[in-house]
């Protein structure tokens with residue numbers, strides 16, 4: 001009989017360093033095993049000197065999966081069962097190397113592993129202490145449904161922890177740096193915690209675990225869980241400017257503080273986010289899980305509330321918006337993510353980039369989520385394919401229709417424009433910090449025959465071409481618009497006809513948010529004019545800080561709308577433009593040599609550009625591999641033109657190209673950004689140098 005007092009198995013060495021390096025997860029953790037599915041990994045079974053010859057015994061591997069070990073998997077000791085876990089073993093002096101092979105469609109998640117020693121007749125002799133590891137999606141594996149056959153793209157869409165989010169307007173694009181931080185400490189644990197808190201996981205964890213082999217299922221779950229509208233989601237959205245009980249969306253510079261705050265709060269929603277915040281967090285989670293993901297900005301993005309593939313703006317004769325109920329709107333920009341995956345649940349031809357929108361705009365299957373929707377389906381008008389293709393199609397293709405509503409309730413269509421929605425669709429290039437335009441991925445050239453065919457396929461009526469506006473044409477131009485200064489907006493009325501024409505011109509300027517919520521009217525001007533034949537009449541509206549400063553939103557956006565009505569005629573011309581106000585920059589200087597675990601000092605400078613004093617100033621600083629998020633408050637008022645400099649010290653934790661991101665917020669000025677790039681080395685060049693303490 002076997003002597004119970006003899007211990008044969010002394011432990012298992014997970015070889016985290018070797019495995020994590022081979023599976024490209026070494027940036028996440030070197031003390032925890034993180035491997036990718038479809039790629040083998042090896043562990044070492046450590047034995048005592050008293051072990052009998054192994055042919056007389058049998059080794060088995062048992063895997064448990066799930067938060068409460070709900071799913072049990074027995075690992076085969078041969079490759080006979082295709083598509084199943086199996087292992088091979090090689091004996092050495094006092095040790096056994098076990099090489100585990102996972103199927104390329106295995107559920108991702110936290111596994112616990114136990115090595116079991118059985119006698120020749122199958123009796124349990126001994127088992128090791130259970131040890132855990134994470135299994136992730138593997139875009140380097142040809143058999144994985146997230147396989148992406150380009151190392152350049154994988155370096156960006158899986159491994160890059162820094163990114164750029166595009167904001168502003170279609171004709172004045174601005175950039176915001178974002179720290180994804182998917183390899184920062186504990187982030188992988190939080191990402192799986194997000195999945196574990198989904199309604200499906202809480203209702204039936206075994207079924208949820210079984211579905212986690214599908215990137216379609218996992219990514220759709222993430223779009224629902226990043227927003228906190230229906231569940232124990234991460235971020236609560238808010239757009240009304242009232243953020244005193246949380247953090248203003250513009251203050252965030254990265255995903256990690258948001259995810260940590262959610263986890264540390266026991267799954268309590270983090271206040272507050274807007275579309276780029278939801279997008280940044282979703283990108284972090286999806287890249288961390290191993291799904292190639294990139295952030296997208298769609299300019300002049302339609303929010304079509306009634307699914308008629310048009311955005312209807314209703315104005316009265318005084319140019320006041322009289323739309324009622326849930327209004328259609330055009331967001332100056334809207335952000336979402338694209339993730340790369342096969343779509344085995346769809347007909348052929350729709351693999352590749354999929355739209356996933358975590359911002360809570362409309363319900364899908366009763367839940368605020370959107371996608372995955374194949375980008376190719378949007379381009380070809382295949383709105384019957386799941387998920388949420390009609391909504392995404394409208395975001396980039398809807399027509400803009402202006403209506404005037406007379407006092408008697410009669411509606412008159414002023415204009416219909418098919419070219420203003422879905423412009424300059426943007427993402428960060430894989431080759432550097434510059435913009436790549438991917439509009440052609442979403443739509444055929446505006447006005448082309450192919451575009452008209454797609455509209456018909458999408459089940460919409462192809463609108464008539466805009467009616468000839470007649471001999472008058474309306475243009476709006478503006479001088480450089482710098483926040484805190486006065487600037488001119490020029491409205492030009494050109495008469496291409498042979499006769500002088502009388503008309504009335506009404507111009508308004510409104511402070512708006514990036515998603516078209518009006519915060520207040522700044523100025524209004526109505527002029528009766530006569531435009532001479534073949535001549536242009538110019539009207540100047542001077543926008544003064546005294547007028548717009550009190551009502552401008554945290555997005556620093558002014559919308560100018562011009563309505564031209566011909567005297568004694570029904571013909572009306574309407575034009576509008578959005579003007580982003582230019583913001584000051586933060587200046588950052590790094591002092592010291594950038595070496596892991598050695599002190600660096602950052603000097604951050606800001607000059608108040610406004611003609612009013614600022615109070616409650618606070619700098620927020622973070623950087624993946626450099627420092628966790630910290631806040632530095634300023635003291636007292638910052639007077640107009642006054643420069644303020646703060647400094648703080650930090651010790652980089654990881655080598656490589658790193659970015660330090662800084663945000664400044666105050667009572668009258670928010671969303672001032674800055675960044676500094678640092679190359680961190682692992683050790684000092686001078687071996688005799690004494691490290692700092």
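Cβ coordinates come from backbone N, Cα and C, glycine included.
Non-local neighbourhood of residue 275 (active site): 331, 334, 335, 336, 359, 515, each in the same chain, at least six residues away, with C-beta under 8 Å from its C-beta. Residues annotated as active site in TrEMBL: 275 (among others).
Under the heading active site, TrEMBL lists 334 (among others). Within 10 Å of the Cβ of residue 334 (active site) there are 25 other Cβ atoms, across all protein chains.
Taken from TrEMBL, the feature active site applies to 357 (among others).
Taking a C-beta cut-off of under 8 Å and a sequence gap of six or more, residue 446 (Ca(2+) binding site) has these contacts in its own chain: 418, 419. What TrEMBL lists as Ca(2+) binding site is 397, 399, 446, 451.
Residues or ranges marked as domain 'Transglutaminase-like' by TrEMBL: 267-360.
Within 8 Å of the centroid of the Cβ atoms of 397, 399, 446, 451, where the record puts Ca(2+), the same chain has further Cβ atoms from 418, 419, 421, 422, 443, 447, 455. It is 21 Å from the Cα atom of residue 399 (Ca(2+) binding site) to that of residue 357 (active site). Cα spacing between residue 397 (Ca(2+) binding site) and residue 357 (active site): 17 Å, rounded to the nearest whole number. Of all the recorded positions listed (357, 399, 451), 357 sits in the most crowded Cβ setting, with the most other Cβ atoms within 10 Å.
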